[in-house]
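**Student:** Below you'll find the structure I mean.
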């Protein structure tokens, strides 16, 4: 029994150090930089306007996919979406249960960055859908830039910019169109959560 006892102080110190590091990381990740009013109202109102614009673009893409290709029910394509590996952007820090300013803005920016990559992967979806897709990409890019610039201005930007990770590969016209239906549907859900959070942040 004496030998394990002799080793335990070193193990305990290592464990304490590990716990301290993880606790410090959690504090850095989770600590809000101030109340909602610490962001300029002009920025928040512009964000709300951009959410509405991207929502309108996404709805236009959904309508065209439905009208031209009869892809009207994204819930029927969930298995295919899983097989294709279409990722979803987390917005846990923007949910009403765990709303947190810094984390929410970072997740919002990362999510928009992810959707930029997904829309790029859909390139070549069909000639009639290309202008709608281009407009959606452009508005998402503007929104992401707006958020990043504000995060930099108030010192919220992460040290390492987000990466898109592996994007799905669409090997047929049907996969691109089905993928477009799912991406547009996921984007709308993402934006609904973002809009509610941004509305909260506009309150004094």
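Note that Cβ sites are derived from N, Cα and C of the backbone, with glycine treated the same way.
This is the feature table in TrEMBL:
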SIGNAL    1-30  signal peptide
DISULFID  66-72  disulfide bond
DISULFID  94-104  disulfide bond
**Student:** What is the separation, in Å, between the Cα atoms of residue 104 (disulfide bond) and residue 72 (disulfide bond)?
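**Tutor:** With the alpha carbons as reference points, the distance is 31 Å.
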**Student:** If you count Cβ atoms within 10 Å of the Cβ of residue 66 (disulfide bond), leaving out that atom itself, what do you get?
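**Tutor:** Around residue 66 (disulfide bond), other Cβ atoms within 10 Å: 14.
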**Student:** Using a 10 Å radius around each Cβ and all protein chains in view, which of these disulfide-bonded residues has the most neighbours: 94, 104?
**Tutor:** 94
**Student:** Measuring Cα to Cα, tell me the gap between residue 66 (disulfide bond) and residue 94 (disulfide bond) in whole angstrom.
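**Tutor:** Between the alpha carbons of residue 66 (disulfide bond) and residue 94 (disulfide bond) there are 30 Å.
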**Student:** For residue 72 (disulfide bond), what is the tally of other C-beta atoms lying within 10 angstroms of its C-beta?
**Tutor:** 12
